[in-house]
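Undergrad: According to Swiss-Prot, the record shows the following:
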type     : residues                          : note
ACT_SITE : Cys57                             : active site, thioimide intermediate
ACT_SITE : Asp64                             : active site, proton donor
BINDING  : Val79, Glu80, Ser81, His98, Glu99 : substrate binding site
Amino acid sequence: MTQGRQKEELQDITLLGNQNNKYEFDYTPEVLETFDNKHQGRDYFVKFNCPEFTSLCPITGQPDFATIYISYIPNIKMVESKSLKLYLFSFRNHGDFHEDCMNIIMNDLIDLMDPHYIEVWGKFTPRGGISIDPYTNYGRPNSKYEKMAEHRLMNHDLYPEKIDNR
């Protein structure tokens, strides 16, 4: 039988359960928090579905809306979900292209957690009659996860007509 988490394991978690969180409207990666993965010997996916992502077009300043899917195979650290929510909210006034936002998010999460594998997929609502759905991924170099990343990238979105994201 496994035990729940001990208080000393949770001492770095400051946002979850805190009713006085400040919502930053400008890009704030330092809000991200982690906790230890208690199942380090096992490969498993953690997936976040984030349907309320907003950023700004760097040219027009108009808002862009997306659902973001973040999936990763943790190593030692895992991202805490409320800190991720506040982090994603901090893109609200961030002016960047869709592709840049997805790569920034992935890079920040790699720097934070050092996962075995991670992928970030943004499904943006159409503007000007065109939707943009950037997908980016990473697998730890010189490991089976690097090969996995290459395989998933090459096979990503093979049947886009089956994807209903609007």
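Each Cβ is built from the backbone N, Cα and C atoms, and glycine gets one as well.
The structure displayed is predicted, hence computed values, not measured ones.
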Undergrad: Looking at the binding-site residues Glu80, Ser81, Glu99, whose Cα is closest in space to that of the residue listed as 'active site, thioimide intermediate'?
TA: Glu99
Undergrad: Asp64 (active site, proton donor): which of the binding-site residues Val79, Ser81, His98, Glu99 is the nearest Cα neighbour?
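TA: Of all the candidates listed, His98 is nearest in space.
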Undergrad: Whose Cβ, among the recorded positions Cys57, Val79, has more other Cβ atoms within 10 Å than any of the rest?
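TA: Per the Cβ count, the most surrounded site is Val79.
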Undergrad: What is the one among the recorded positions Asp64, Glu80, Glu99 whose Cβ has the most other Cβ atoms less than or equal to 10 Å away?
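TA: By the 10 Å Cβ neighbour count, Asp64 comes out on top.
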Undergrad: Once the chains shown are all counted, how many other Cβ atoms turn up within 10 Å of the Cβ of His98 (substrate binding site)?
TA: 20
Undergrad: Look up Ser81 (substrate binding site) in the DSSP assignment and reduce it to helix, strand or coil.
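TA: DSSP assigns Ser81 (substrate binding site) to helix.
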Undergrad: Count the other Cβ atoms sitting within 10 Å of the Cβ of Ser81 (substrate binding site), across every protein chain shown.
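TA: Taking all protein chains shown, Ser81 (substrate binding site) has 14 Cβ neighbours within 10 Å.
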Undergrad: If you run the three-state DSSP split on Asp64 (active site, proton donor), which class comes out?
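TA: The three-state answer is strand.
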